[in-house]
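Heads up: the structure comes next, in structure tokens.
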């Protein structure tokens, strides 16, 4: 056992170091930005070091475990730990947050508060992914909403307050169900509350009660993922938020919902999950088709990308519902893959907006000549989004396909029907994706914006784009890098479905 509190340091470093931002000179914008980037890089290096030297791939149990008594009255513990399921999202969080901080370089208004909120959000997300106590998971889940709401309401478009209010209403509503589920699981069948994930994973419940718990958690995670019809906050939020915030939302926030589905609904409530899994697959299939076809009708560039995110989350839901190791591994790979691709597309959409100050696709056109570097990167990452072979999206979606086909739970005809509908969704993806590129970069449209805005991508923007592109191509060529992290844990989770 490792006694050094690696995870506690990793959770507290961003927010505690970020609080020092308020003691920096008021007009030292450049100093504030460099300080924040250095904190993010230090955090990422510390996380990578701890995982490289103390995480063993062949061990499905909790590693780097920390267990401290916190509040005696509630028998509440500060429990942290990682396994194959959480290591990928934690590393993704560090990587995307570091690049989002670099992407936020143009932000000058209330710079100290902006960067502090990004670091506070970073701490909340790492805390959620590494929690081993149900109440601690809930606290981190809620804590992370505060900086997100402030980032949405204070920086962004003209309707940012409306979109931030919509976001907080949806997520707060979902949190009520999450709290009910947490208290129900913790207080069931014992005199003392039991909130430890390991203890709860071995506990059984009456079927009706387990279904009630499952529905409560499902609603909470469906808002965050998002799963239709609880997705309507997402396009508005992405349409109005600053693009660095969009990177964090698309890259990490949506993945927290999918992570919760696997960590709690699937791992702690396996009987209810096996009952609901056919419905998850049906909803996921509908989501792929609905969001892809809705995306095609969006005039707003960022809303079109937002609907593409909803469509891609459908594959994750199908992978989780397949109850096979192939399908679940595909879902985890899609979580990581779409984290990179979604963040990259929002970043490039934001840098394009910085130059031309246009958000509607029908007002754009002919940008390829003016900004060839952005055009090249946007085209490549659009190809990654439509699952071009050799990119991470292709491997993830293919593995989810295999997962649903090889599932023993479903009959042949439903599997053929679901696969056929998923294939239609994959055909719709290139239609809206290539249409978006055509409207932005091709044609001879005359702009109403001054020509002085049309300078191409600088070194900072190129660095961010290439840094996100490299993992996308790397995972596409060698997906086993991600799959090897989660393989043992996935087998352990699925063991419950057949031998519990």
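Glycine is no exception: its Cβ is also placed from the backbone N, Cα and C atoms.
On a predicted model such as this, the values are computed, not experimentally measured, just so you know.
Per Swiss-Prot, the features are:
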{"type": "TRANSMEM", "residues": "4-24", "note": "transmembrane segment"}
{"type": "TRANSMEM", "residues": "31-51", "note": "transmembrane segment"}
{"type": "TRANSMEM", "residues": "87-107", "note": "transmembrane segment"}
{"type": "TRANSMEM", "residues": "113-130", "note": "transmembrane segment"}
{"type": "TRANSMEM", "residues": "134-154", "note": "transmembrane segment"}
{"type": "TRANSMEM", "residues": "208-228", "note": "transmembrane segment"}
{"type": "TRANSMEM", "residues": "272-292", "note": "transmembrane segment"}
{"type": "TRANSMEM", "residues": "305-325", "note": "transmembrane segment"}
{"type": "TRANSMEM", "residues": "330-350", "note": "transmembrane segment"}
{"type": "TRANSMEM", "residues": "386-406", "note": "transmembrane segment"}
{"type": "TRANSMEM", "residues": "416-436", "note": "transmembrane segment"}
{"type": "TRANSMEM", "residues": "462-482", "note": "transmembrane segment"}
Okay, the transmembrane segment (305-325) and the transmembrane segment (208-228): do they have at least three CB pairs under 8 Å, pairs separated by 6 or more?
yes
For the transmembrane segment (462-482), sequence-distant contacts whose Cβ falls under 8 Å of one of its Cβ atoms, 6 or more beyond its ends:
88, 95, 99, 102-103, 332-333, 336-337, 340-341, 343-344, 347-348, 373, 377, 380-381, 384, 389-396, 399
The transmembrane segment (272-292) and the transmembrane segment (4-24) contact flag, 3+ Cβ pairs under 8 angstroms:
no
Can you name the far-off residues of the same chain, 6+ from the ends of the transmembrane segment (416-436), with a Cβ under 8 Å from a Cβ of it?
281-282, 285, 288-289, 292-293, 295-296, 301, 304-305, 307-308, 311, 314-315, 318, 361, 382, 385-387, 397, 401, 404-405, 410
With pairs closer than 6 in sequence left out, are the transmembrane segment (330-350) and the transmembrane segment (31-51) joined by 3 or more CB pairs under 8 Å?
no
